[in-house]
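Engineer: Features from Swiss-Prot:
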- Leu131, Gly135, His136, Leu137: (6S)-5,6,7,8-tetrahydrofolate binding site (BINDING)
- Lys240: N6-(pyridoxal phosphate)lysine (MOD_RES)
- His239: site 'Plays an important role in substrate specificity' (SITE)
Amino acid sequence: MTASPLAQKATDAFNAPICETDPEIAELLDSELGRQRNGLEMIASENFVPRAVLQCQGSVLTNKYAEGYPGHRYYGGCEYVDQIETIARERAKALFGAEYVNVQPHSGAQANAAVYQALVKPGDTVLGLALDHGGHLTHGMKINFSGRFYHAEAYGVNPVTFRIDPEIIRQRALETHPAMIIGGWSAYPRIEDFKAMKEIADEVGAKFWVDMAHFAGLVAAGLHPSPVPYADVVSSTSHKTFGGPRSGFILAKQEYAKKLNSSVFPGQQGGPLMHVIAGKAVSFKVAGTPEFKDRMQRTLDGAKILAERLLADDVKANGISVLTGGTDVHLVMVDLRNSEMDGQQGEDLLAACGITINRNTVPFDPRPASVASGLRIGTSALATRGFGPKEYEEVADIIGTALAAGPSADVTALKARVDKLAEDFPLYPDLDQIH
């Protein structure tokens, strides 16, 4: 049989590459590839996925609907996606030493929403790190679901050390009687004491949940304490330090399995994104390799090198300091409260040099969040490109020199140094542009 001319035309269009189907979007995809290749990505929540993950996310798995869980789907034709999801779950269990894993959450925020639904009831009190002290919007921000559907209370950092202090958490827990205490953060440069937080939760009869989205890669590499032995539930994204696809997953004790499964599906989501779950499976495998541990070590080393440069006298002279005086993780928090430069200006200055970061509030910030008094600078993506101590020293000096000089910085000269680093460490060199 022969297709009609119109049907044949439709078939030809179906099989056409994007440069023919939609040149406008194709051009923008090429532009974004160029932006990532030619600059230095230092947003702490960003990273680059392996080529294998890109292949998963652009695969035929994007066509497959698979509501339910392996062996218990509401659709036929799931024999292969069942295997993929099972592999992802088992790899994550082994990697993190967890009794239960759910790899279906579309994002970290959706994973967190499922945790709330499983562990507490609407109106219950929850206690998390204040957003302007380094917490995440899903930890109780008033206009987020977590602050609208639950009675959200907050603990802050110690006003002298700017560190999370278990005694402050304990006092707030005794005052507020939370049903759940939340650990984890979005913009905090130190390691939390999960054991102490668990003891506080037990003292007040609260569940203990840790959102390890930012430091999951460090935990997987054995370079950061794991919250899994202490928390009732642990949630995470699969990108950030972990370097996988933009998505989420949940780890927990087996006793919460049924509630969490129901909270994810059908409580929060319908069909899972199987092309993304395949990418997560690949990422869990990668995270168990010596090469991954080396990358995480270089990530930590780079952050310490950056912090040390930003503590130098020329930077201090511009009223700039490093929050907590250093870092234990993949990011550095720059404090601009005493500088004439605000966070927006600092972000724009480094962007002009070819370095992408983000402005961020700091504790006791006198400026509005739209401009903020802080910069959050991460080192994960540079480690993925292959940076070592020498390269981190160079990029740290570029950032330090720019911030010390402020508006009088020689942006052209600094940009040339960034260009050289980007050229020396090519990103996706075998990935062809679409055009």
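We count from 1, first residue shown onward.
Quick reminder: no glycine exception, Cβ is built from N, Cα and C everywhere.
Could you place these features in context, so I can see how deep they sit and what lies close by?
Structural biologist: Its Cβ taken as reference, His136 ((6S)-5,6,7,8-tetrahydrofolate binding site) is surrounded by 23 other Cβ atoms within 10 Å in the chains shown.
The Cβ of Lys240 (N6-(pyridoxal phosphate)lysine) lies under 8 Å from the Cβ of Ala44, Ser45, Glu46, Asn47, Ala213, His214, Ala216, Gly217, Ser380, each on the same chain and at least six residues away in sequence.
Listed in sequence order, Ser45, Glu46, Asn47, Val49, Pro245, Arg246, Ser247 are the same-chain residues at least 6 apart in sequence whose CB falls under 8 Å from the CB of His239 (site 'Plays an important role in substrate specificity').
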Engineer: Among Leu131, Leu137, the binding-site residues in question, whose Cβ has the most other Cβ atoms within 10 Å in this structure?
Structural biologist: Leu131
Engineer: Taking the mean position of the Cβ atoms of Leu131, Gly135, His136, Leu137 as the (6S)-5,6,7,8-tetrahydrofolate site, which residues outside that list, in the same chain, have a Cβ no more than 8 Å away, listed in sequence order?
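Structural biologist: Neighbours within 8 Å of the Cβ centroid, excluding Leu131, Gly135, His136, Leu137: Gly128, Leu129, Ala130, Gly134, Thr138, His139, Gly140, Met141, Asn144, Ser186.
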